[in-house]
């Protein structure tokens, strides 16, 4: 699973039929750097969200949650999933000497589609304002959101490209710069000038531009190497006949995944009892319950995006069973780790809401167990769907998400008018758990051999629904029963973990020795 290491030096043209090696990050180095940067970035984002909760009213916080959800939904939707195919096909076309025409053509099409989407949003701003905010008078804010949408599209495009080229450090730097700028500008504008949601949209636009500039500077040597590669002919028919079906399913998956994330808020907005202002305030309460659990979702999203090119590489060289074993192992590790993190989140939530949020969000605190559980389930779904992507069966992942989304909408439509915010959380939790189980079942039918440990990993977040103390006791009992035996981590899992740990230690020792050598020694 090791990718070529990050080496300095010139790149010479490939021999006939042999691709030129691009400077890339190894999986171990990339994951370690990404994890460190992600932890720092998410801590910054967590602090930013806490400050936003303090500085905004419940209604303004609800509007910001709805606006940001719209950006995350519309950005991949506008470009029809083309950048999402980079992680799967960049290695495929690179090995055939066709990476440059692949990137050139997808860039042109993505640009045209993005411009079309932004123009439509700008022209239909009042109609979009009713859908997004249930308030047509916010058409001016939607037009400003159109500018933010353009920035988000380009930002996501560059990020997907960097990850596909295994430039993990550059992707992490871009995300970190974006997070820092958004935090500094957003907090400064709110504290100094007010302005509510419009100030945050302005900060988001500037942060996207700054992150993109940092990424371009950081990867200038990689793109210089890419421009020096030879180019093998690639017909439009061969490219699009292969790319469009996969990109189409990626588009569907992105749409369904983002609808999964946003459905509950929009169902609260349009189905909750009371006027628009009250519904937006309820969305703000809901947003407060997601501030901490969403750290897990964002981490899973980055992990899933980073490992896809490496899994794709293994798949392309014929190691399909290795991909299946590693995806299943990732499911077990993430379920155990994220459930433990969820227990910690629930234990610390009363203090967070009482001190950091000034006791303003009692309704959000009350639904934290359900919110945390479904965030863990959604995180597991994000990572495990990579198997079906590598197997070019993205339509099966779409089917699982679609069925879960139908359940989500149906339960929300019934429970939100009757039960309010707890009903929305219960509906979303049930839908996420169902979608994950369906996804694993379809993956199993497609060659990923599920075992007892895999199914237990899928059900483990149920422990969080009981609250912090029952969840902690249940998780401790689970660990004591699982670790000494082979029913959770199989013998193959333990061998894989031991090999990965030894490899990481060897790389760290090697880098330590190199850093301690004088410059004139090898």
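The backbone N, Cα and C atoms fix where each Cβ goes, glycine too.
Values in this document were obtained by computation on a predicted structure and should not be read as measured data.
When TrEMBL is compared with the stretches 201-218, 219-236, 273-290, the one noted as transmembrane segment is 201-218. For the ranges 29-54, 107-132, the feature annotated in TrEMBL as transmembrane segment maps to 107-132. In TrEMBL, the feature transmembrane segment is placed on 176-195, out of the ranges 176-195, 496-515.
Taking pairs at least six residues apart, the transmembrane segment (424-443) and the transmembrane segment (365-384) share three or more Cβ pairs below 8 Å and count as touching. Long-range Cβ contacts of the transmembrane segment (176-195) within its own chain (Cβ-Cβ under 8 Å, at least 6 residues beyond either end) map to 37, 40-41, 44-45, 47-48, 51-52, 55-56, 155, 202-204, 206-208, 210-211, 214-215.
Most Cβ pairs within less than 8 Å of the transmembrane segment (365-384), among stretches 64-86, 144-164, 239-260, 291-312, 396-418, belong to 291-312.
Of the Cβ pairs linking the transmembrane segment (64-86) with the transmembrane segment (144-164) and spaced 6 or more residues apart, 3 or more are under 8 Å, so the two regions touch.
The transmembrane segment (201-218) shares more Cβ pairs under 8 Å with 144-164 than with any other stretch in the list 107-132, 144-164, 291-312.
Segment contact is absent for the transmembrane segment (396-418) and the transmembrane segment (144-164), given fewer than three CB pairs below 8 angstroms at sequence separation of 6 or more. Among the recorded stretches 107-132, 144-164, 239-260, the one sharing the largest number of Cβ pairs closer than 8 Å with the transmembrane segment (291-312) is 144-164.
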